[in-house]
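Down below is the structure, laid out as structure tokens.
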Amino acid sequence: MKPNIHPDYGPARIICACGNVIETRSTKKDIRVEICSQCHPFYTGSRQRVVERGGRIERFRQKYGR
């Protein structure tokens, strides 16, 4: 590898909207995600629906009142 052309690779934190924090390594310091393995229904086994920010159709209807 050529010296001094690669980004710094160091400790990073992945922060989920549920409050879970995962320590890892990356070229970015903090990474924010909406869902992780602690709150995703597939991993938790719950059948509840995931809270969404709104799909494209719903946002269109809100914007144009249809």
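Using the three backbone atoms N, Cα and C, a Cβ is placed for every residue, glycine included.
What you see is a predicted model, and the numbers here were worked out from it, not measured in a lab.
Per Swiss-Prot, the features are as follows:
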type	residues	note
BINDING	C16, C18, C36, C39	Zn(2+) binding site
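Each of A17, G19, N20, V33, E34, I35, S37, Q38, H40 belongs to the same chain as C16, C18, C36, C39, is absent from that list, and has a C-beta within 8 angstroms of the C-beta centroid marking the Zn(2+) site.
In the shown protein chains, 12 other C-beta atoms lie within 10 A of the C-beta of C18 (Zn(2+) binding site). Under a cutoff of 8 A between CB atoms, and with a sequence separation of 6+ in the same chain, the neighbours of C16 (Zn(2+) binding site) are I22, R32, V33, E34, I35, C36, Q38, C39. Taken residue by residue with DSSP, C18 (Zn(2+) binding site) is part of neither helix nor strand, so it is coil. Cβ neighbour count for C36 (Zn(2+) binding site) (all protein chains, 10 Å cutoff from its Cβ): 17.
The local packing around C39 (Zn(2+) binding site), expressed as other Cβ atoms within 10 Å of its Cβ over all shown chains, amounts to 18.
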